[in-house]
Amino acid sequence: MRFLTAGESHGPQLTAIVEGLPSQLPLGAEDINPWLKKRQGGYGRGRRMVIETDTAELMSGVRMGRTTGAPVTLVIRNADHRNWTEVMDPAPGNEPRKKALTAARPGHADLPGGIKYGHKDLRDVLERASARETATRVAVGAIAHKLLSFFGVQSVGYVAGMAGVWSATPFDWNLKERVEESPVRMTDPQSEAEVIRRVDEAKATGNTLGGVIEARFKGLVPGLGSQMHWERKLDGRIAHMAMSVPAIKGVEIGTGFDNAMKPGSEVHDPIYWEEGRGYYRPSNRAGGLEAGMTNGEELVVRAALKPIATLMRPLPTVDVVTHQPADAARERSDTTAVPAASVILEAVVGIVLAQAYLEKFGGDTLDELVERVERYKERVLAY
Ligand SMILES: Cc1cc2nc3c(=O)[nH]c(=O)nc-3n(C[C@H](O)[C@H](O)[C@H](O)COP(=O)(O)O)c2cc1C
Ligand SMILES: C=C(O[C@@H]1CC(C(=O)O)=C[C@@H](OP(=O)(O)O)[C@H]1O)C(=O)O
């Protein structure tokens with residue numbers, strides 16, 4: 001399964017084409033839209049999220065509620081486009097350009113992208129660099145998760161800490177509903193209240209905030225990915241996908257960074273075996289991956305999100321037309337997007353996992369795939 005996304009933040013629409021899905025997968029906009037809604041949410045988002053109500057339209061590859069095996073095209077329209085028709089018009093004209101941006105914003109694609117692609121109106125860069133693109137990737141992720149649900153995989157995305165406040169309660173699957181209802185996707189109300197206070201404060205003072213997010217998956221079969229070649233290693237593929245989400249600057253599997261400062265005897269997870277249960281480990285510091293393969297334990301992916309780069313009290317920069325010192329451009333912006341990013345992380349790691357299942361088990365129809373996964377689960381138990 002592979003996919004492409006296209007579309008600008010303020011263009012008419014975002015588009016994704018997903019190729020390589022099995023046929024007979026039940027699929028409708030109702031499987032995708034709840035994910036899109038979750039991605040739009042989270043305390044600290046800006047006014048753009050009031051304008052948009054992201055919904056997916058399936059344009060190909062699905063008939064009568066099931067995939068046909070043909071490429072699936074999905075479209076998400078940008079409601080805000082109606083305010084940007086002149087600015088985003090593909091036809092020549094409309095000069096001088098409205099909403100042109102020349103004071104490169106530190107922390108954004110503006111300057112490197114302007115140099116690389118030869119633009120002096122940095123809007124030509126930022127329109128595609130915008131995290132608006134993650135709406136499309138989350139929609140593709142929703143399809144991947146639909147597929148994973150047939151293999152018995154469950155998942156969650158939540159905020160481990162943000163705005164300088166760590167969640168006081170470690171995640172437990174009993175808290176999944178709590179997380180889904182929390183405006184900051186945190187496990188405990190005390191941390192949540194303090195985070196909300198700090199987001200309000202940051203917004204009032206023109207500042208921005210980052211945080212640490214986690215995605216967990218349980219029910220994965222062991223042996224997804226491979227140790228045999230670098231590009232097949234699942235840890236690398238997950239890290240690539242996660243790191244490519246805008247503003248994610250660190251990716252960790254399990255307790256990777258803590259482990260680094262401890263002796264091996266305190267890090268590696270001992271292996272046990274029980275009739276009917278098979279192999280298991282009482283601890284999971286490896287985060288469900290060994291040598292680029294799932295090991296049957298819960299997959300735990302952690303990521304660090306930098307604070308939003310657009311500051312309402314702008315940093316010094318340079319105007320790329322005049323080369324004069326300038327205040328960085330101010331665009332309408334989020335104060336923080338950490339809760340949304342936890343939804344994105346859960347969705348996009350799901351894409352990598354669905355790809356790994358499809359590679360390992362093949363199959364043109366959903367039934368074929370499910371049958372092969374079930375047979376493999378029996379073999380794993382008997383191993
Ligand atoms: C869901 C989400 C929303 C974001 N919203 C904003 C925003 O409103 N303003 C902003 O400056 N950056 C925002 N970002 C981050 C920028 O897109 C990102 O920092 C920028 O494109 C530079 O890429 P990099 O941080 O990966 O280096 C957001 C990121 C995510 C994941
Ligand atoms: C549009 C989304 O996020 C946007 C991501 C973003 C950025 O610079 O990344 C900047 C803002 O764009 P705008 O100026 O249109 O408000 C965010 O709203 C979205 O998440 O759907």
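Along the chain as shown, the residues are counted starting at 1.
Cβ coordinates are placed from backbone N, Cα and C, and glycine is handled just like the others.
Values in this document were obtained by computation on a predicted structure and should not be read as measured data.
Proximity of Arg39 (NADP(+) binding site) to non-local residues of its own chain (separation of 6 or more, Cβ distance below 8 Å) is seen for Asp54, Thr134, Ala135, Val138, Ala340, Val343, Ile344, Ala347, given in sequence order. Sequence annotations record features per position, and here TrEMBL assigns NADP(+) binding site to Arg39, Arg45.
Feature annotation from TrEMBL assigns region 'Disordered' to 89-114.
The annotation FMN binding site is assigned in TrEMBL to Arg128, Ala129, Ser130, Ala291, Lys306, Pro307, Ile308, Ala309, Thr310, Arg332. Secondary structure at Lys306 (FMN binding site), as computed by DSSP, is coil.
Ile308, Thr310 are the binding-site residues among Arg39, Arg45, Arg128, Ile308, Thr310 whose C-beta comes within less than 6 Å of an atom of ligand 1, given in sequence order.
For the pair Ser130 (FMN binding site) and Arg45 (NADP(+) binding site), the C-alpha distance works out to 14 angstrom.
You'll find the Cα of Arg45 (NADP(+) binding site) roughly 19 Å from the Cα of Arg128 (FMN binding site). Counting residue by residue with DSSP, the region 'Disordered' (89-114) contains 5 helix, 1 strand, 20 coil.
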